[in-house]
Amino acid sequence: MAVSRALRRFWRSYSTVSSERLRFCIVGSGPAGFYTADKILKAHERAEVDIVDRLPTPFGLVRSGVAPDHPDTKIVTNQFSRVVQNGRCSFIGNVLIGTSISLAELRELYDVVVLSYGAESDQALGIPGEELAGIYAAREFVWWYNGHPDCRNLAPDLKSSDIAVIIGQGNVALDVARILLRPTSELATTDIASHALAALEESSIRKVYLVGRRGAAQAAFTAKELREVLGIKDLFIEIQQADLSKTPVDEEELKSNRIKRRIHELLSKAATSAASVCSPGQKELHFVFFRKPDRFLESDCRSGHVAGLRLERTILKEDAGSGRQIAVGTGLFDEMECGLVLKSVGYKSRPVDGLPFDHHKGIVPNVQGRVLSEASGDALVEKGLYVCGWLKRGPTGIIATNLYCAEETVASISEDVQRGLVTSSSGLPKPGRDGLLQLLDSRNVKIVPFGGWEKIDSEEKRRGSLKNKPREKLTTWQELLEVAAK
């Protein structure tokens, strides 16, 4: 919070820091992009801001990542809508950087380019059998049930087996477990995609295993998410008492971390209060600690499909470099049957041509949001190029984390503006929005303005009202673009 207070003092001293007409382009319309746009508009009274996104719909992970049964989290889109309705701000959807237009071209058109397009790929486990059918990234599954057009046709097989394994124990892992286990009658009144609801209504999945490399004291989910999944009606919970035992190092970790201590308390309470035997027809959630996947096992009767996985038992050892407890294999293995695997082991950002990128960290090398020309060494700052959000710091934090991240990046921009570091070297004004629209039109790119999104929004709400849902999402590229163009 000390950093935040320092930034707020900066904003007071830099309020409307520049009256010069500067043209900004923000790539990515998730929380990081919108918070950045809001801060720029407030700090620069004549700034023109264009928010560009590859999708025809704005709001990024608020629309495609937040679980359908978390409507309160999505209210932030009202704030974001007010930002883009500012006369100096625009949303330009259906524009893919690297295909519709290059990063180099954007930098020619705008005084400042801020990249905030997040992380739309996934970390791989790198173990044998990962290519088998029935194994998905949790991100794909989340996009599928949230109606993202890229995963409309994912069609995960929820019928061939009654067992699903989720690898990872963060909030996304709990989200997908909850969607698999929660009664579909409760999901039916959310904005879950209709194709996903239909599949879940016919699902055979009855047992879900949440597998983590470390112990209950190190679980990465939050207490709020844990309480939600533990509160699912008529759900059998299994947590081995042995997995809840604490080492002296665990005790020290929990003593200094109230949130982790609360999570451990919730897991301990669930373990002691749970029924000893599962009732017939009851769905089950099993927390599996101190295991790491070693390989996936192929089905004998369904060639190319997953039928289980081999897990190596782990113990915790202190890492000399970080001081953290890390999981190391013991050489002892167990096998687990399953027909569906969801890998929730982390999101990963992708670079675009012309963008410096640290492949090891999965981020753009930067100092307080200023993009560096190299990931290490005596790197130079890339003039007029900035970064925010997961692309800047990695896939961590909650929606509000992006607010502080945007404050830091825009503080760097404002400082550079005041020092005269972002003005055109030719002295001529950059073309900005007019130049971008002309270039895209010459390439026959059918952009979706914010008015197009409002048509999509209106149609989704109309369809939802017919089914007692907040909205019925349009889930194909063709339908989204057709409605936006009406």
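Here, residue 1 is simply the first one shown, and the rest follow in order.
Quick reminder: no glycine exception, Cβ is built from N, Cα and C everywhere.
Same-chain residues at least 6 positions away in sequence with a Cβ under 8 Å from that of Trp390 (FAD binding site) are, in sequence order, Ala32, Gly118, Ala119, Tyr347, Ser349, Ile363, Thr396. Under the heading FAD binding site, TrEMBL lists Ala32, Leu61, Ile97, Trp390, Gly397, Ile398, Ile399.
As annotated by TrEMBL, NADP(+) binding site applies to Gln169, Gly170, Asn171, Val172, Arg213, Arg214, Glu225, Gly397. Counting only residues at least six positions away in the same chain, the Cβ atoms of Phe290, Arg291, Lys292, Thr314, Ala327 sit under 8 Å from the Cβ of Arg213 (NADP(+) binding site).
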Nonlocal residues around Glu225 (NADP(+) binding site), in sequence order (Cβ under 8 Å, 6 or more apart): Asn171, Leu174, Asp175
Winner by Cβ contact number (other Cβ atoms within 10 Å) across the binding-site residues Gln169, Asn171: Gln169
Site diameter for NADP(+), Å, by largest Cα distance between Gln169, Gly170, Asn171, Val172, Arg213, Arg214, Glu225, Gly397: 21
Sparsest Cβ surroundings (other CB atoms within 10 Å) among the binding-site residues Ile97, Val172, Ile398, Ile399: Ile398
Tertiary neighbours of Leu61 (FAD binding site) (same chain, Cβ under 8 Å, six or more apart): Gly30, Pro31, Gly118
Spatially closest candidate among Gln169, Val172, Arg214, the listed binding-site residues, to Ile97 (FAD binding site) (Cα to Cα): Val172
Cβ-based isolation winner (fewest other Cβ atoms within 10 Å) among the binding-site residues Gly170, Gly397: Gly397
Residue, out of the binding-site residues Ala32, Arg214, whose Cβ gathers the largest set of other Cβ atoms within 10 Å: Ala32
